[in-house]
Amino acid sequence: MSVVGTPKSAEQIQQEWDTNPRWKDVTRTYSAEDVVALQGSVVEEHTLARRGAEVLWEQLHDLEWVNALGALTGNMAVQQVRAGLKAIYLSGWQVAGDANLSGHTYPDQSLYPANSVPQVVRRINNALQRADQIAKIEGDTSVENWLAPIVADGEAGFGGALNVYELQKALIAAGVAGSHWEDQLASEKKCGHLGGKVLIPTQQHIRTLTSARLAADVADVPTVVIARTDAEAATLITSDVDERDQPFITGERTREGFYRTKNGIEPCIARAKAYAPFADLIWMETGTPDLEAARQFSEAVKAEYPDQMLAYNCSPSFNWKKHLDDATIAKFQKELAAMGFKFQFITLAGFHALNYSMFDLAYGYAQNQMSAYVELQEREFAAEERGYTATKHQREVGAGYFDRIATTVDPNSSTTALTGSTEEGQFH
């Protein structure tokens, strides 16, 4: 009988946890025996997820910082990697707004089907794989790693610990490298820059993080787990049961039964310290781009956990020039990196790039017809000097790659797609 997929023994797993530097700062409340018990007799290999997680972990330690833009389509991710970015961010907000499986437009309130983000992860990985295949048959070595790691939004888990476990499983199966989980009540979940957020107790979020880690361990993938706290803005909490939350709870109740709690950086610090043993990175969601607040947060967390890596949302919800001058904006990410914010990302970059670029083209087209489109085409031609390739759209989506399949099957094929195409005739 084949031994492919045979799980590791509990002893092997425990040795890995004890000796691999990857796990030196990670606390698990379950045993290697628990993992083995949950694996069954065959463990499926998740190549893209494993590779992505390992690459992301290396980047976080080898690069000054890893920066990413939010993508909501496969082609967006391809252009990001072509342009030089090393990682991809996938925002639940963008999936809600324009990429979910229900086909509706939603605000960021966990209203879309829970398997939507894994589906977009799969779509992005498929697009990156196609770009890699095209590059290989063309002998194009300009991009070192087409399969850039994807960090995806697990939101508040769409329920309890079991929902988190299943969502993490689906993300890993789709090829995710890392996932983040926020400490909001899933049924009342809001975008970090909306009002009405309700926190869950600190211990309950530790269960979320533990469940996400357990799912990765059962899959035998070193997924990067990111803890997010919304305590900087949230003024409600479901319960006063956790002693760590009690110093911030005012004693007032709302008509829904929630407790009012003090928001600000102090509850964020308290929660970050509680989450640190269970998370590879910690993200404090903020309402403004504030370097001093970031420094205060970093120093407080690192005083107790000096090796703790942090993440920062350089959000489009900030009116950047209202808060910062040009010089501060230019050095913003570098200064964050010096504080330990190793993963920095613009969550909704894809939404804004897509909407503005199409509005700009459509406005010009409405006024000036073909002249507006030709201006876009000329900008594409000019961008080829910087590595842009999508001017040749047939090539970009793999017509040449599938011609190669056709001629491999039949070297004398007379039905290849690019031969005789307008692209071959006009774009060389």
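Heads up, the Cβ atoms here are built off N, Cα and C, so glycines get one too.
According to Swiss-Prot, the protein has these features:
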type: BINDING; residues: SER91, GLY92, TRP93, GLY192, HIS193, ARG228, ASN313, CYS314, SER315, PRO316, SER317, THR347; note: substrate binding site
type: BINDING; residues: ASP153; note: Mg(2+) binding site
type: ACT_SITE; residues: CYS191; note: active site, proton acceptor
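Among the binding-site residues HIS193, ASN313, SER315, SER317, none has a Cα sitting within 10 Å of the Cα of ASP153 (Mg(2+) binding site). Cβ packing within 10 Å was compared across the binding-site residues ASN313, SER315, SER317, and the lowest neighbour count falls to SER317.
Following the DSSP three-state reduction, the secondary structure of SER315 (substrate binding site) is coil.
Taking the Cβ of SER91 (substrate binding site) as centre and 10 Å as the limit, one finds 29 other Cβ atoms among all the protein chains shown.
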